[in-house]
Amino acid sequence: MPVVDIDPDELRRLTGHRSKDDDELRQDLFGLGIEYEGETEDGDFKLEFEADRLDRLSVEGIARSLRYHAGDDRGVDIPDTNAPEWAIDVTDVPADRPYVTGAVIRGVDLDADALDSLIQLQEKLHATMGRKRAKGAIGIHDLAMLKGDTVDGDGTAARSLTYTGIDPDGDTFVPLDDDAERTPADVLTEHPTGETYADLLADHDTYPAIYDDIGLFSFPPVINGRRTEVTTDSRELFVELTGTDQWTIDRMCAIICYALDARGATIEDVTVDYPDRELHRPDFAVRTKHVSHDRIETLLGVEFTTEAVVDLAERAGLDATPTDDGYDVEIPPYRVDVRHPVDVVDDLGRAYDFNDLTPRYPDVNTIGGRTESSRLERSVRQALVGLGFEDLLNFNMTSEAENFDRMRLTPDHDAVGAAQPATIAEPYSQDFTILRTWALPSLAMVLETNTHHAYPQDLAEVGFAAHADGDTQTGVAERRTVAAVLARNDASYEDAKARLQALCDEFAVALETPPTTHPSFIDGRAATIEIDGQPAGVIGELHPGVIVEHDVEVPVAGFEFELDALR
């Protein structure tokens, strides 16, 4: 759970609730689901809150939530933006960090508290949504220190910066907290911040860089140049974000802009010129979620009028437009946590105040117990642990690259794991765009992230896999699967077969393994798993191409089959 340090006096000033004492503030924060964890030596509140409410990573975001909670603000608030005077020209960027966004901030009053809050928000976003800068990184610069080409435009941006890829040993700049000119490669080996984030650019032939007329001033995702350092004297800022996913960096940018808007700053658009399209950023577009009236009443257990729901939505910082069966609810751009209609209902419940809801027992009399399938799954997990495997639980969502490409597989192959995947609508991340069709790729990814640990590594998972199926009500067919890998110097088909045979003996089923071919396994070292005479999965030694793709340093053998075959 994220923890932030908040100055209570600054919180009072931003909310306008100057007369409230610390106890009253703590009570208001508790009403938002924000836990008070104590105070720092300087008297700041240490606050812990839900990991999904990234808009509350700063005092400005918490103040906004308190103002809505108190009824001071209502509905979706979209900041006004001025026409762009700056552009970012995107050319020859590294393929693994192709996206950029930004904003110009004018008229900001950065005293020491405001600057500390901005830096804390930047670093908290890096640690959470930015995945420690791997997915998204923020650079904040003093705009007065930037020099851009001035061109005669037709109402479009007139000053241009360049986001590009450069030679690691090419141009030099003076990084923050330094006084020496260094190349990007030097920064990664000679600067403390560079050493911290060097792994993000390991084995890269080109590094990301942002230039103005003077030269290199930003080396994302590592560090900014000292020339554009932001101080309490800065009144105009340039905010740039780079990353692996446009949606993610756009949402991070929106959170930064809303925080500065709360301090009275003016936001100005930036034109992002990709080779194939032009974007105007920041992106303050609202999203819309439809939620039925019945769902609201069922989940909250309260009967509402249409007018009451619209009022609750406005008090929650949303806007609800009635429809025939419910409401189209507009979501502000900083609310990255609202992904489902249930999230909207949760907001409505908080606006209503959960303390005013009357708990009641369900109108059923049942005696709980494990289902047959749950008992089987538990027994298989215990058996795998007894056979020396580490029991894992991975995400059911993945990407086509992980599920197919890195396993040398395509959806059209006639092989275990090959199937048309169920795709995710409006994916939160390009890392999670489909439901996995098999579990072995998930175990391969775990091996990839644990190459720094000693071998052998014997891993197993009992989980779910799925594929698209138009004949089902949901369009998805789901099944439970058992997968295991053995990573060690002497891993072989025979080792995997021995473990699988022991597992089948435990459940009193007959195992046969006729030879087969599979793109993910070595030819001649793979077999079909037949249990009680029925094909159920595949076993073998992973193909060297798969092993190299995942940077695993030892041979790997593994198997996967359908759990229900053990019934």
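Glycine too: its Cβ is placed from the backbone N, Cα and C atoms.
Residues annotated as Mg(2+) binding site in Swiss-Prot: Asp337, Asp343, Asp346, Asp347. Summarising the annotation, Swiss-Prot assigns domain 'B5' to 284-359 and lists sequence analysis as the type of evidence.
Feature map: annotations from Swiss-Prot on the structure.
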residue	record	Cβ within 10 Å
Asp337	Mg(2+) binding site	17
Asp343	Mg(2+) binding site	17
Asp346	Mg(2+) binding site	18
Asp347	Mg(2+) binding site	22
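The predicted model assigns the domain 'B5' (284-359) a mean pLDDT of 94. Highlighted in sequence order, Arg335, Val338, Val342, Val344, Val345 have their Cβ within 8 Å of the centre of the Cβ atoms of Asp337, Asp343, Asp346, Asp347, the residues recorded for Mg(2+), and are not part of that set.
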